[in-house]
Amino acid sequence: MTTIDEARPTATTVDEAQPLRTTRTTGGDKAVAVASHVVLVVWTIIILIPLLWSLLSSFKSSSEIISGSPFALPETWLFGNYARAWTEAGIGRYFLNTVLVVGSALVLVMLLGAMCAYVLARYSFPGRRLIYYLMLAGLTFPVFLAIVPLFFVLRGMALLNTLPGLVLTYVAFALPFTVFFLYAFFRTLPEEIAEAAAIDGCGDWRTFFSVMLPMAKPGLASVTIFNFLGLWNQYLIPVAINTRQENWVLSQGMGAYAGQIGYEIDFGGLFAAVVITITPVLIVYVIFQRQVQNSVTGGALK
Amino acid sequence: MAVFLGLPLLIYVGLVLWPFGQAFYYSLTAWSGFSPPKGFVGLDNYARIFSDATFLRAMRNNVILVVVVPLVTIVLSLALASVLTVSGSSTGEVRGLRGSSLYRVVSFFPYAVPAIVIGLIWGMVYNPRGGLLNGFLTALGFDAFAAFPWLGDTDTAMGATIFVMVWAMVGFYMVLFVAAIRGVDKEVFEAARLDGAGRFRTAVTITVPLIRDNVQTAYIYLGIAALDAFVFMQAMNPTGGPDNSTLVMAQELFRTAFTQNRWGEASAMGVVLALVTLAFAALVFVVNRLTGAEKDEGKRT
């Protein structure tokens, strides 16, 4: 994908005998450019201000947040807010749970999704279309429809309120999108390569793991990013089926604050928790922003 | 090969399809508490939820959301995407604005922040005690807003919540539309310009029709998000807002199921939510076809 801000050869350098094609800016252009920048700057500020305010407030005491000016710098920078949020409010524990659950679910869903998509894309057998449409059904219905029965299915398997239960549920709900995306991707890989691998004596497993999977890397990266953001932000599934507090994930820990905003709580700690939650993902996003945007929009445009 | 397909399918069928199917069955049973479902009661649960004023209120709020949120988000993100892609110089090649990638990166930030945290941050921004918004308004001289409870007043709670949902989603759709507009052949825009179309005219009569399938996709996604809205509401108005003015079906379903243990009724609500979602998607699809979706030559060349 080309981007607008990359340096382009301007038309002026091409041929001086074609004055019509120079990139001379007119007065109207300037007005439009200024107006456009104003609109974009305003929107950028609306995005950034609440985030920066959260960062600033994370160093303040609760009384400063409640009664002081929201724009003032902290009287003293209270780094203790972070320590309190991490240990006393349990954010540290929820953070580790989230890393564990999302990490395991990602590995599993990518592996299982890739295998499933590979078989669907490469082999023809009775029931193939049926499986494809069943996956489509899973993408269409809202999770809310499943949430009550899911609770009892997990209870029946003794997986309710356990981290493995949460991991399996994440895998199951991330699977249809993963299969769809990778199915399309595997279809684009040339048939001959799999055949060549088979002639060279590779079994199905070997062909898949050492030939096809490495070739599918760009597709896998896109889906992994998409799934990571989706699972890291997931809220409904854990609040319904993972209610034991020591197993909470970050979104649940943050949700617990939500009901208490009207009361006397540790607001400094709340903002510190907000910053702890969003900073790692935001940093990773800024570093990989181009890939993230491409894969996310690529996924949605499919 | 059987393992390749069998294992993922087993998990998928067991934890996604089977619960989906069961929900329809449970919605027809009188089931509450932790005893097994007892007694087939036909459509009684549906009759009960449709005569429940609270659920109807929630449904009405969802309808407001599904009308307003996608419309505002799409108009705003399309406007920003157009500005980014085609508002550069009006001579020479059709180009976007300088520095556009910075705007694109920042606008996309909310997508990397969990919705529950977005709701929490804005809950604090709207907070009548020390909130950023009232601090800003009083600094501008609007002293009447010194302690105005944005989320606690029936007149403003819904609007304030909708703003947050739009804030959270515009960046994603802007990036989506930027990608779609870049997929359109540049010569189409150049031809329009040669024919004398201004920027606004180009955006409305050229860009939108050419990327209408992307707009349709966006409309369906946004509508689904608005029909859900659970996370934002739980973060900002966990109890349904003042006088249930921001209560949504998903919250009522969750409460019915997990605090009142009325599983049969909750399942019926789930089915209603699913049917409304499907009906909405079908409606968007039909409207798009009826208004002439086949006019998409020039796209993705």
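Placement of Cβ uses the backbone N, Cα and C atoms for every residue, glycine included.
TrEMBL entries are annotated by machine, without manual review.
What TrEMBL records for B:59-284 is domain 'ABC transmembrane type-1'. Feature annotation from TrEMBL assigns transmembrane segment to B:6-28, B:63-85, B:105-125, B:132-151, B:157-181, B:218-236, B:268-290.
Most Cβ pairs under 8 Å with the transmembrane segment (B:268-290) belong to B:6-28, among the candidate stretches B:6-28, B:105-125, B:157-181. Sequence-remote contacts of a segment are chain residues at least 6 beyond its ends whose Cβ falls under 8 Å from one of its Cβ atoms, and for the transmembrane segment (B:218-236) they are 62, 65-66, 68-70, 73-74, 77, 115-120, 122-123, 126, 151, 160-161, 164-165, 168-169, 173, 176-177, 246-251, 254, 273, 276-277, 280-281, 284-285. Outside the transmembrane segment (B:63-85) by six or more residues, the chain places 96-97, 100, 103-104, 107, 158, 162, 165-166, 169-178, 181-182, 199, 203, 207-208, 215, 218-219, 222-223, 225-227, 229, 248, 280 with a CB less than 8 A from a CB of the stretch.
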